[in-house]
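Listed features, source TrEMBL:
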TRANSMEM  25-50  transmembrane segment
DOMAIN    43-294  domain 'G-protein coupled receptors family 1 profile'
TRANSMEM  62-89  transmembrane segment
TRANSMEM  101-122  transmembrane segment
TRANSMEM  143-165  transmembrane segment
TRANSMEM  199-218  transmembrane segment
TRANSMEM  239-261  transmembrane segment
TRANSMEM  273-296  transmembrane segment
């Protein structure tokens, strides 16, 4: 079997995948993809502008939203070049260095987003269950510390992965299952024993994303329990609706991410369409939904939009 070594003159290259079976329609499929990317980029950029410009949005809840928006922008920009290259120009080849760089940023920013979602759940938990201590616990220093911890956690734990992949030779098959480089996907193409590397990657997913999802779920269960005990019926219904929207967005992020991590390691005959759908869900749909679900349901965000742009109220506030 042909294997690529890592000499400077013979770096391995990989072939990215668009939407399998629909290659002839890629130029048309690119239209809704571009529209979704544009909306997601504009929504998150607008949120950053509002939080920076509006004094009444200088609060922990909105600082976390700004960090989430910045992370989503990073994720979108990490995948946008390879996605558009496939759909517009049918350029599928990507070199090892570019692939490893893209992989590192995608996984690191995904980990940061997960950490920020945990911080936002903690923010809401303190606001509902310990409102008298909110300003003492959630200070600017706390926001900066939690955001920095999310970044350091992701970057530190994921830094070894590109070097691990560089240590392996790659065999003849170079076709990936996504329109971007994904660690388990690239690892499946490596020759040699990848058991330890695969176990490290799966352990990282379980100890970060899975643990974060459990904490978020437990936080919202506690919030809902508190609201049902103390809140008046009308306010409780609004809070239940808001929590349900938040949890749906969290599920859109975590379920495809965790499912992909398992499928790439333990199944070998999964439909490529399923891979593409799940990867697009957590890397495109989530950044598109976050500004809507977390921001437009906030009365303060709506007031800032009306003040800056004359935008009318879209949905009922919290």
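Cβ coordinates come from backbone N, Cα and C, glycine included.
When pLDDT values are averaged over the domain 'G-protein coupled receptors family 1 profile' (43-294), the model yields 87. Annotation: stretch 199-218 has the most Cβ pairs under 8 Å to the transmembrane segment (143-165), among 25-50, 199-218, 273-296. Counted as Cβ pairs under 8 Å, contacts with the transmembrane segment (273-296) are highest for 62-89 among 62-89, 101-122, 199-218. Sequence-distant neighbours of the transmembrane segment (62-89) (same chain, 6+ residues past either end, Cβ-Cβ under 8 Å): 16-18, 26-27, 29-30, 33-34, 37, 40-41, 44-45, 47-48, 51-52, 102, 105-106, 109-110, 112-113, 116-117, 119-120, 123, 140, 143, 146-147, 179-181, 283-284, 286-287, 290-291, 294-295, 300-301.
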